[in-house]
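Engineer: Before I ask anything, here is the structure I am working with.
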Amino acid sequence: MDHFLYRDGALFAEDVPVSEIAASVGTPFYCYSTATLTRHFRLFDEALEPLDHLVCFAMKSNSNQAILKTLAELGAGMDVVSGGEYARAKAAGVPGDKIVFSGVGKTATEMRAALEGGIRQFNVESEPEMELLNAVALSMGVVAPVAIRINPDVDARTHAKIATGKSENKFGIPIARARKVYARAASLPGLEVTGIDVHIGSQLTELEPFEQAYKKVAELTEALRDEGHEIRRLDLGGGLGIPYTRSNEAPPLPSEYGDLIKRTLGHLGCEVEIEPGRLISGNAGIMVSAVIYVKNGEGRDFLIVDGAMNDLVRPSMYDAHHDIIPVKEPEPGTAQAPIDIVGPVCESGDTFAKQRHMPPLVSGDLVAFRSAGAYGAVMSSEYNSRPLIPEVLVNGDQFAVIRPRPTFDEMISRDNIPEWLL
Ligand code: LLP
């Protein structure tokens with residue numbers, strides 16, 4: 001459920017007409033709903049009751065300061081994957097002891113920054129990373145809290161580019177080697193092992209792969225405890241999928257996911273962390289774009305809009321489906337015709353949808369790309385020298401620009417001309 005609904009024939013973001021925001025900030029832009037973010041965060045938080053738990057928002061899905069602050073005020077922790085994300089989390093006021101640091105390629109500089117600023121735990125993904133972290137911590141005279149990410153070799157049954165839990169993926173330590181790696185970790189004085197971490201992929205639409213992975217985590221917890229390791233924390237990753245279309249079967253609910261966690265791992269008495277990104281921010285955002293032209297091609301028509309692949313790359317990168325709806329609600333019974341919805345970028349890949357059934361639209365009409373709050377703005381670029389588009393946050397009947405659109409001059413002035421060209 002989200003808070004982008006038609007009311008009196010027009011699309012609203014909570015209590016604000018989307019057309020009013022468009023008139024104020026221009027198109028294209030991203031628009032997020034506080035109520036939706038809040039609702040989704042709370043669903044997870046409640047789903048894990050009564051376990052001792054922390055919901056760490058995977059901020060790679062949306063890292064705007066205002067979004068992070070909104071979630072942090074609800075009690076969210078953050079899952080970060082770079083020095084930049086760590087800095088953003090801290091700037092939004094998230095305390096270090098609520099930040100987990102994931103990712104396969106942490107550098108010594110990133111480790112040092114997190115150890116200085118405070119960190120709940122590093123999710124260590126390889127033996128060389130473990131050795132480096134130990135050395136960095138020792139050089140600073142501190143002990144680094146770590147969970148070791150295991151790769152459970154489970155098929156997440158999702159898009160190949162976002163599956164992470166199979167042995168051929170670059171993530172984690174093969175579960176078969178876990179005991180050896182934990183033994184080594186226990187011998188390193190710069191590390192304090194707190195638990196186990198697992199994340200098998202993103203946009204999972206079934207619970208079964210989670211169940212397989214979590215059962216393996218439960219077995220490993222017991223095996224490691226038998227060997228004298230104090231496993232007190234389990235980080236179960238993110239990945240629960242969202243409905244991208246109104247028509248397809250809905251993925252499991254956070255409450256069902258929470259029940260699965262309690263069923264498979266509850267008996268271990270561990271503190272549980274999860275790292276959801278998409279389910280919190282995905283349907284809390286839309287991208288609003290205006291029709292530039294309706295072009296009649298040979299055998300097919302094109303709706304050319306002012307948003308493009310550089311603004312929302314998911315359709316060209318993953319063949320992802322986003323529902324695209326007119327901001328002015330069509331009259332009931334309006335005939336729909338198939339049309340290709342494309343952006344202005346000079347690539348055929350700049351196609352959002354092929355032969356999508358849409359009501360008649362004309363130049364200047366607004367359309368909203370739904371489910372664009374996760375992996376939308378964060379994956380955008382300035383390709384074709386199109387400045388990054390603004391982001392707007394709605395809260396009830398108020399809205400605020402949370403990232404303005406840069407001017408052409410601002411975009412250009414980031415480049416430097418070397419002396420020999422002056
Ligand atoms: N934790 C870790 C360690 C992750 O790698 C990810 C996502 C998450 C949590 C959050 O997963 P989520 O709950 O959002 O599914 N750009 C792609 C998605 C990439 C996901 C990468 N890792 C897309 O647009 O579909």
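Every residue gets a Cβ built from N, Cα and C, even glycine.
This is the feature table in TrEMBL:
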DOMAIN    29-373  domain 'Orn/DAP/Arg decarboxylase 2 C-terminal'
DOMAIN    35-281  domain 'Orn/DAP/Arg decarboxylase 2 N-terminal'
MOD_RES   Lys60  N6-(pyridoxal phosphate)lysine
BINDING   Gly239, Glu275, Pro276, Gly277, Arg278, Tyr375  pyridoxal 5'-phosphate binding site
BINDING   Arg278, Arg314, Tyr318, Glu347, Tyr375  substrate binding site
ACT_SITE  Cys346  active site, proton donor
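Give me the lay of the land around each of these features.
Structural biologist: Summarising model confidence by region, the domain 'Orn/DAP/Arg decarboxylase 2 N-terminal' (35-281) averages a pLDDT of 96.
In the three-state DSSP reading, Lys60 (N6-(pyridoxal phosphate)lysine) counts as coil. Listed in sequence order, Asp79, Val81, Glu85, Gly277, Tyr375, Val378 are the same-chain residues six or more apart from Lys60 (N6-(pyridoxal phosphate)lysine) with CB atoms under 8 A from its CB.
For the recorded site, Gly277 (pyridoxal 5'-phosphate binding site), the DSSP three-state label reads coil. Other Cβ atoms within 10 Å of the Cβ of Gly277 (pyridoxal 5'-phosphate binding site), summed over all protein chains shown, number 24.
Taking Cβ-Cβ distances under 8 Å and a sequence gap of 6 or more within the same chain, the neighbours of Tyr318 (substrate binding site) are His159, Lys161, Ile162.
DSSP gives Cys346 (active site, proton donor) a coil state; it is part of no helix or strand.
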Engineer: Out of the binding-site residues I have (Gly239, Glu275, Pro276, Arg314, Glu347), which ones have their Cβ sitting under 6 Å from ligand 1?
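Structural biologist: So the answer is Gly239, Glu275, Pro276, Arg314.
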Engineer: How many Å separate the Cα atoms of Glu347 (substrate binding site) and Gly239 (pyridoxal 5'-phosphate binding site)?
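Structural biologist: Pair distance, Cα basis, whole Å: 31 Å.
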Engineer: Can you tell me which of the recorded positions Glu275, Pro276, Arg278, Cys346 is spatially closest to Arg314 (substrate binding site)? Compare CA atoms only.
Structural biologist: Arg278
Engineer: Looking only at C-alpha atoms, tell me how far Pro276 (pyridoxal 5'-phosphate binding site) is from Cys346 (active site, proton donor), rounded to the nearest Å.
Structural biologist: 35
